[in-house]
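Visitor: Here's the feature list from Swiss-Prot:
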- 36-65: disulfide bond (DISULFID)
- 44-69: disulfide bond (DISULFID)
- 52-64: disulfide bond (DISULFID)
- 58-73: disulfide bond (DISULFID)
- 90-119: disulfide bond (DISULFID)
- 97-123: disulfide bond (DISULFID)
- 106-118: disulfide bond (DISULFID)
- 112-127: disulfide bond (DISULFID)
- 29-77: domain 'WAP 1' (DOMAIN)
- 83-131: domain 'WAP 2' (DOMAIN)
- 85-131: region 'Elastase inhibitory domain' (REGION)
- 1-25: signal peptide (SIGNAL)
């Protein structure tokens, strides 16, 4: 008889423990509003210690964005209407890096500034001027 009265208490206790965990777990995968600024082709002289791993480690509206040297908290730029293809062709690269999964700076042309296109570079996709 006493175990029936204990069941609702146990359920409420479990929900009280699990509810904050589910909220926090989802936050790590979510992203904040706005887009990371487009990355320009650049050489990194020294890899820096990452400032962040997720947007939620950055203050306010800042997003955790990758640049040539690592990840940093930066102010996002407004998201424009997505552009999948810009005019022009990508330059063919003759060399390839030996990295198994090279990091991509972009996925489509709309992520690159101005007339730059998202092209296959020596080591992953990068924003390059078209031919």
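Each Cβ is built from the backbone N, Cα and C atoms, and glycine gets one as well.
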Visitor: What Cα-Cα separation, expressed in whole Å, is found between residue 36 (disulfide bond) and residue 64 (disulfide bond)?
Guide: 8
Visitor: Could you check the disulfide-bonded residues 65, 97 and say which one's CB has the most other CB atoms within 10 Å?
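Guide: Per the Cβ count, the most surrounded site is 65.
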Visitor: How many of the residues that make up the domain 'WAP 1' (29-77) does DSSP mark as helix, as strand and as coil?
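Guide: For the domain 'WAP 1' (29-77), the helix, strand and coil counts are 4 helix, 12 strand, 33 coil.
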Visitor: What residues, ordered by sequence, lie under 8 A Cβ-to-Cβ from residue 69 (disulfide bond) and sit at least six positions away in the same chain?
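Guide: Residues satisfying the criterion: 44, 45, 46, 47, 48.
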Visitor: Sorted by position, what residues of the same chain at least six away from residue 118 (disulfide bond) have a C-beta under 8 A from it?
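Guide: Non-local contacts for residue 118 (disulfide bond): 105, 106, 107, 108, 109, 111, 112, 125, 126, 127.
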Visitor: Which of the disulfide-bonded residues 58, 64, 65, 73 has its Cα nearest to the Cα of residue 123 (disulfide bond)?
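Guide: Checking each of 58, 64, 65, 73 against residue 123 (disulfide bond), the shortest Cα distance is to 65.
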Visitor: Could you tell me which of these disulfide-bonded residues, 106, 112, has the fewest other Cβ atoms within 10 Å of its Cβ?
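Guide: If we count Cβ atoms within 10 Å for the disulfide-bonded residues 106, 112, the smallest count is at 106.
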Visitor: Considering only the disulfide-bonded residues 58, 64, 97, which residue has the minimal Cα-Cα separation from residue 119 (disulfide bond)?
Guide: 97
Visitor: Within 10 Å of each Cβ, count the other Cβ atoms and name the one among the disulfide-bonded residues 73, 119, 123 with the highest count.
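Guide: Of 73, 119, 123, the one with the most crowded Cβ is 119.
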Visitor: Measuring Cα to Cα, how far is residue 73 (disulfide bond) from residue 65 (disulfide bond) in Å?
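Guide: Cα-Cα distance, residue 73 (disulfide bond) to residue 65 (disulfide bond): 6 Å.
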Visitor: How many other Cβ atoms sit within 10 Å of the Cβ of residue 90 (disulfide bond)?
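Guide: Step by step: centre on the Cβ of residue 90 (disulfide bond), count other Cβ atoms within 10 Å, giving 17.
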Visitor: Over the domain 'WAP 1' (29-77), what is the model's average pLDDT?
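Guide: When the pLDDT values over the domain 'WAP 1' (29-77) are averaged, the result is 84.
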Visitor: Taking the Cα atoms as reference points, how far is residue 58 (disulfide bond) from residue 64 (disulfide bond) in Å?
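Guide: So the Cα of residue 64 (disulfide bond) lies 6 Å away from that of residue 58 (disulfide bond).
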